[in-house]
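The domain 'Major facilitator superfamily (MFS) profile' annotation in TrEMBL covers 11-499. Annotated region 'Disordered' per TrEMBL: 373-393, in sequence order. According to TrEMBL, the transmembrane segment annotation covers 49-71, 83-102, 108-127, 134-157, 269-291, 298-321, 408-433, 445-465, 477-495.
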Amino acid sequence: MGRPPPVLTLCASVSLLGGLTFGYELAVISGALLPLQLDFGLSCLEQELLVGSLLLGALLASLVGGFLIDCYGRKQAILGSNLVLLAGSLSLGLAGSLAWLVLGRSVVGFAISLSSMACCIYVSELVGPRQRGVLVSLYEAGITVGILLSYALNYALAGVPWGWRHMFGWATAPAVLQSLSLLFLPADADETAAHKDLIPLQGGETPRLGLGRPRYSFLDLFRTRDNMRGRTTVGLGLVLFQQLTGQPNVLSYASTIFLSVGFHGGSSAVLASVGLGAVKVAATLIAMGLVDRAGRRALLLAGCAFMALSISGIGLVSFAVPMDSGPSCLAVPNATGQTSFPGDPHLLQGSSLPPMPKTNEDQREPILFAAKKTKPHPRSGATPPQPALSSAFPGPPLPAPGHALLRWTALLCLMVFVSAFSFGFGPVTWLVLSEIYPVEIRGRAFAFCNSFNWAANLLISLSFLDLIGTIGLSWTFLLYGLTAVLGLGFIYVFVPETKGQSLAEIDQQFQKRRFALSFGHRQNSTGIQYSRIEVSAAS
């Protein structure tokens, strides 16, 4: 009998490649939208339809994906979603009309949403307590890397004829690699435990391989049985506070702050946007290193606290420094038929201004030169690119000497806000959701919470400009800061610490309604732990 496959390495590749595909598909439209507008003569409404079609497909997946994951298994759901993604990418690459583009983006949205849920659950069930936090958080790191990769390819293919077809096509590469990794992994945790090269240690009970398992219906999520109602409260609270803090809207407003501190012109704005993406990647990597040491609860509390301080700081600064949101979408086609791209010194002259790349999640970030009402992605926190803007953009007024320090303070607060989200809510929310539910209903419960995540994101996004018009920009940001404070209290009271515990121990903790509110000490683990051993051919 040969050596068993390196399960941890393969699980890491599945998580990373899944996140990379998610982030790439989310952000690639930012570079493809301008050439699509020029090739198909898209109006503002048609551009919004094209951008929003991915969100509609993803929302559909969040409604039905849980049943697919629980019925057919996590591995099959990921493989199936990759096949769907290949079909959607083929539709986009060969599209000759807006209808085919919208269909392709909808199919891709369904695929990446289904894959995102299945990947987090699948990896969390295969690995042990010590590696679960890092490997599930690796998905969030993959999202940020995928977004930055899409920026690089968008820039490289900007001047290539029909380059947008290549932009959409390259998304299939990580999906194919992920599928190859899955071929060497077991279908689920039961199959892993049944392998002869894994044995239970420290007197723990063996997993139940299909017999004696409780059965749950979807309505059990709202009942007191096994404290399922308490688990649903934790899951919904995390996803709702993740959105109600307004982080997608703050990121969409980041363009104004970039312009106000002197990032004028296309190249400078792109550099600032990529820099913000690099900050997100760094914060996510730090969170990965701490999630199994400091714990999930500690990262959530720290991240939410810094989000409250930073967003309140932006609100206070905006009292003293007025920030204009810029023009709305006018979709003026390029009269010359020439396309200007990021880095072109004539970007603001004689052409429609393209939507600039964004950085991040359900990502992910800033739509430079614009602050229009859009539908940011709930998982990554990223705001989908906006339609092309009119070239008649006068730009922000030159900063007054007394305002320069305040404007840079606002930029610093923005960086802290982005880092805090990537440090806390970004990776930890989905890790906790993959841990707190029993395996029999985990897929449906995860998808249920994810659908509320999408709905809250759309509500916050659609109300942003109306809220500013009613109470003003400063009070809007301060309201988001107050919501973050409430989220801090929710996390402290309701969210237990799950680091270092097996999934069975977490399940028992919720059944007994014992919430570990102290996160400074390591909890005892008495559940099942596995150690890989060599099995000789004679056995």
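Backbone N, Cα and C atoms are what each Cβ position is placed from, and that goes for glycine too.
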May I ask you to check whether the transmembrane segment (49-71) and the transmembrane segment (408-433) make contact, with contact taken as at least three Cβ pairs under 8 Å and only pairs 6 or more apart in sequence counted?
-> no
With pairs closer than 6 in sequence left out, are the transmembrane segment (445-465) and the transmembrane segment (134-157) joined by 3 or more CB pairs under 8 Å?
-> no
Find the member of 108-127, 298-321, 445-465 that has more C-beta pairs under 8 Å to the transmembrane segment (477-495) than any other listed stretch.
-> 298-321
Counting only CB pairs under 8 A, let me know which of 83-102, 108-127, 298-321 has the most with the transmembrane segment (445-465).
-> 108-127
Could you give the residue numbers and ranges of same-chain residues that sit at least 6 residues beyond the transmembrane segment (83-102) on either side and whose C-beta is under 8 angstroms from one of its C-beta atoms?
-> 21, 25, 36, 40, 42, 46, 49-50, 53, 108, 110-112, 114-115, 165-166, 168-169, 171-172, 175-176
